[in-house]
(Lines of atoms letter the chains of each structure in order from A and count residues from 1; the text may use other names and numbers.)
(Lines give C-alpha, C1' and ligand atoms only; values in the text may rest on other atoms or scores of the structure.)
Protein backbone atom coordinates (compact mmCIF):
# COMPACT_ATOMS: atom_id res chain seq x y z
CA UNK A 1 0.00 0.00 0.00
CA UNK A 2 1.22 3.48 -0.86
CA UNK A 3 2.15 5.41 2.28
CA UNK A 4 -0.18 8.25 3.27
CA UNK A 5 0.95 11.70 4.37
CA UNK A 6 -1.36 14.20 6.05
CA UNK A 7 -0.11 17.65 5.07
CA UNK A 8 -1.14 19.20 8.35
CA UNK A 9 -0.04 19.70 11.93
CA UNK A 10 -3.66 20.02 13.11
CA UNK A 11 -4.45 17.68 15.99
CA UNK A 12 -8.12 17.74 14.90
CA UNK A 13 -7.35 16.53 11.37
CA UNK A 14 -4.97 13.89 12.71
CA UNK A 15 -7.67 12.53 15.05
CA UNK A 16 -10.20 12.47 12.20
CA UNK A 17 -7.87 10.63 9.82
CA UNK A 18 -7.14 8.05 12.54
CA UNK A 19 -10.81 6.99 12.24
CA UNK A 20 -9.99 5.38 8.87
CA UNK A 21 -7.40 3.08 10.54
CA UNK A 22 -4.83 3.64 7.82
CA UNK A 23 -1.18 4.19 8.71
CA UNK A 24 -0.06 7.75 8.00
CA UNK A 25 2.36 10.40 9.11
CA UNK A 26 1.83 14.14 9.51
CA UNK A 27 4.06 16.77 7.94
CA UNK A 28 3.87 20.56 7.91
CA UNK A 29 3.28 21.89 4.38
CA UNK A 30 4.44 25.48 5.16
CA UNK A 31 2.06 26.98 2.62
CA UNK A 32 1.28 30.68 2.18
CA UNK A 33 -2.43 30.92 2.99
CA UNK A 34 -2.95 34.51 1.86
CA UNK A 35 -6.21 34.84 -0.11
CA UNK A 36 -5.94 36.15 -3.65
CA UNK A 37 -7.87 39.17 -4.84
CA UNK A 38 -11.45 38.31 -5.90
CA UNK A 39 -11.04 34.68 -4.76
CA UNK A 40 -14.25 33.24 -3.32
CA UNK A 41 -14.37 30.79 -0.41
CA UNK A 42 -14.61 27.68 -2.58
CA UNK A 43 -11.73 28.73 -4.82
CA UNK A 44 -9.60 29.63 -1.78
CA UNK A 45 -9.98 26.35 0.11
CA UNK A 46 -9.55 24.22 -3.01
CA UNK A 47 -6.40 26.11 -4.01
CA UNK A 48 -4.93 25.90 -0.51
CA UNK A 49 -5.82 22.22 -0.02
CA UNK A 50 -4.10 21.37 -3.30
CA UNK A 51 -1.11 23.62 -2.54
CA UNK A 52 -0.65 21.97 0.87
CA UNK A 53 -0.71 18.48 -0.65
CA UNK A 54 1.69 19.37 -3.45
CA UNK A 55 4.06 21.30 -1.15
CA UNK A 56 5.41 18.02 0.21
CA UNK A 57 5.99 16.23 -3.11
CA UNK A 58 9.78 16.64 -3.10
CA UNK A 59 10.21 15.10 0.34
CA UNK A 60 7.52 12.44 -0.22
CA UNK A 61 7.83 11.44 -3.89
CA UNK A 62 6.08 8.03 -3.76
CA UNK A 63 3.13 8.85 -1.51
CA UNK A 64 -0.52 9.80 -1.31
CA UNK A 65 -0.57 13.26 0.24
CA UNK A 66 -3.73 14.72 1.79
CA UNK A 67 -4.17 18.49 1.96
CA UNK A 68 -7.11 20.27 3.54
CA UNK A 69 -8.15 23.82 4.26
CA UNK A 70 -11.23 25.41 5.79
CA UNK A 71 -12.85 28.82 6.06
CA UNK A 72 -16.25 29.93 7.19
CA UNK A 73 -18.48 32.56 5.65
CA UNK A 74 -20.46 34.76 8.03
CA UNK A 75 -22.85 37.25 6.43
CA UNK A 76 -20.98 36.98 3.12
CA UNK A 77 -17.54 37.57 4.67
CA UNK A 78 -14.79 34.94 4.58
CA UNK A 79 -13.32 34.38 8.02
CA UNK A 80 -10.80 31.97 9.41
CA UNK A 81 -9.30 31.31 12.81
CA UNK A 82 -9.78 34.24 15.19
CA UNK A 83 -6.42 33.97 17.04
CA UNK A 84 -7.67 36.37 19.76
CA UNK A 85 -10.54 36.55 22.24
CA UNK A 86 -11.72 39.85 20.72
CA UNK A 87 -11.90 38.45 17.18
CA UNK A 88 -13.59 35.27 18.42
CA UNK A 89 -16.19 37.34 20.28
CA UNK A 90 -16.83 39.39 17.13
CA UNK A 91 -17.21 36.25 14.99
CA UNK A 92 -19.70 34.64 17.36
CA UNK A 93 -21.66 37.87 17.72
CA UNK A 94 -21.91 38.07 13.91
CA UNK A 95 -22.95 34.41 13.72
CA UNK A 96 -25.66 34.78 16.38
CA UNK A 97 -29.06 34.01 14.83
CA UNK A 98 -27.57 33.35 11.39
CA UNK A 99 -26.45 30.52 9.14
CA UNK A 100 -22.68 30.19 8.81
CA UNK A 101 -21.35 28.15 5.89
CA UNK A 102 -18.10 26.23 6.23
CA UNK A 103 -16.10 25.52 3.09
CA UNK A 104 -13.63 22.68 3.44
CA UNK A 105 -11.23 21.89 0.64
CA UNK A 106 -9.82 18.37 0.44
CA UNK A 107 -7.10 17.32 -1.98
CA UNK A 108 -5.45 13.95 -2.53
CA UNK A 109 -2.20 14.15 -4.46
CA UNK A 110 -0.42 11.04 -5.74
CA UNK A 111 3.19 12.24 -5.83
CA UNK A 112 4.27 9.17 -7.83
CA UNK A 113 1.81 9.68 -10.72
CA UNK A 114 1.18 13.42 -10.39
CA UNK A 115 -2.59 12.85 -10.20
CA UNK A 116 -4.45 15.31 -7.97
CA UNK A 117 -8.13 15.19 -7.05
CA UNK A 118 -9.50 18.20 -5.18
CA UNK A 119 -13.02 18.81 -3.87
CA UNK A 120 -14.90 21.30 -1.74
CA UNK A 121 -17.46 20.25 0.87
CA UNK A 122 -19.97 22.67 2.39
CA UNK A 123 -21.47 22.45 5.84
CA UNK A 124 -24.09 24.83 7.28
CA UNK A 125 -24.28 25.76 10.94
CA UNK A 126 -27.42 27.55 12.13
CA UNK A 127 -26.66 29.51 15.29
CA UNK A 128 -29.27 30.30 17.87
CA UNK A 129 -29.54 33.87 19.19
CA UNK A 130 -26.64 34.31 21.59
CA UNK A 131 -26.38 36.84 24.41
CA UNK A 132 -23.02 38.53 24.94
CA UNK A 133 -22.59 36.85 28.33
CA UNK A 134 -23.16 33.43 26.69
CA UNK A 135 -20.49 34.19 24.10
CA UNK A 136 -18.01 35.30 26.78
CA UNK A 137 -18.77 32.24 28.92
CA UNK A 138 -18.30 29.90 25.96
CA UNK A 139 -15.02 31.49 24.85
CA UNK A 140 -13.67 31.41 28.40
CA UNK A 141 -14.67 27.77 28.86
CA UNK A 142 -13.34 26.40 25.57
CA UNK A 143 -10.84 28.97 24.21
CA UNK A 144 -11.42 28.06 20.50
CA UNK A 145 -8.98 30.64 19.13
CA UNK A 146 -7.40 28.19 16.66
CA UNK A 147 -10.74 27.07 15.17
CA UNK A 148 -12.43 28.52 12.09
CA UNK A 149 -15.70 30.07 13.23
CA UNK A 150 -14.54 30.42 16.86
CA UNK A 151 -16.09 27.20 18.18
CA UNK A 152 -15.48 23.49 18.66
CA UNK A 153 -18.55 21.58 17.54
CA UNK A 154 -17.14 18.40 19.07
CA UNK A 155 -17.20 20.09 22.49
CA UNK A 156 -19.25 22.74 24.25
CA UNK A 157 -19.68 24.58 20.94
CA UNK A 158 -22.66 22.33 20.19
CA UNK A 159 -24.66 24.46 22.67
CA UNK A 160 -24.41 27.46 20.32
CA UNK A 161 -26.44 25.88 17.51
CA UNK A 162 -30.05 25.44 16.42
CA UNK A 163 -29.16 22.85 13.80
CA UNK A 164 -26.45 21.50 11.51
CA UNK A 165 -26.75 20.64 7.81
CA UNK A 166 -24.28 18.75 5.68
CA UNK A 167 -23.18 15.49 4.11
CA UNK A 168 -20.46 14.62 6.64
CA UNK A 169 -20.18 15.96 10.21
CA UNK A 170 -16.39 15.46 10.03
CA UNK A 171 -16.33 18.26 7.46
CA UNK A 172 -17.18 20.76 10.17
CA UNK A 173 -14.13 19.69 12.20
CA UNK A 174 -11.86 20.03 9.17
CA UNK A 175 -11.54 16.76 7.23
CA UNK A 176 -14.45 15.38 5.15
CA UNK A 177 -13.89 11.66 5.62
CA UNK A 178 -16.66 10.47 3.29
CA UNK A 179 -15.16 12.39 0.38
CA UNK A 180 -11.62 11.44 1.40
CA UNK A 181 -12.59 7.75 1.41
CA UNK A 182 -13.94 8.14 -2.13
CA UNK A 183 -10.67 9.79 -3.24
CA UNK A 184 -8.55 7.10 -1.56
CA UNK A 185 -10.55 4.29 -3.19
CA UNK A 186 -10.01 5.95 -6.59
CA UNK A 187 -6.27 5.72 -5.87
CA UNK A 188 -6.53 2.04 -4.90
CA UNK A 189 -6.61 2.42 -1.11
CA UNK A 190 -9.80 1.13 0.51
CA UNK A 191 -9.80 1.64 4.30
CA UNK A 192 -11.99 -1.44 4.79
CA UNK A 193 -9.87 -3.88 2.82
CA UNK A 194 -6.64 -2.38 4.19
CA UNK A 195 -7.54 -3.38 7.75
CA UNK A 196 -5.35 -6.19 8.51
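Glycine is no exception: its Cβ is also placed from the backbone N, Cα and C atoms.
Record features (Swiss-Prot):
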- 69: active site, proton acceptor (ACT_SITE)
- 12: site 'Important for substrate specificity' (SITE)
- 70: site 'Important for substrate specificity' (SITE)
- 154: site 'Important for substrate specificity' (SITE)
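Feature map: Swiss-Prot annotations on the structure.
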residue: 12; record: site 'Important for substrate specificity'; Cβ within 10 Å: 17
residue: 69; record: active site, proton acceptor; Cβ within 10 Å: 27
residue: 70; record: site 'Important for substrate specificity'; Cβ within 10 Å: 30
residue: 154; record: site 'Important for substrate specificity'; Cβ within 10 Å: 15
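In three-state terms derived from DSSP, residue 12 (site 'Important for substrate specificity') belongs to a helical segment. Here the candidates are the recorded positions 12, 69, 70. The one whose C-alpha lies nearest to that of residue 154 (site 'Important for substrate specificity') is 12. The separation of residue 12 (site 'Important for substrate specificity') from residue 70 (site 'Important for substrate specificity'), Cα to Cα, is 12 Å.
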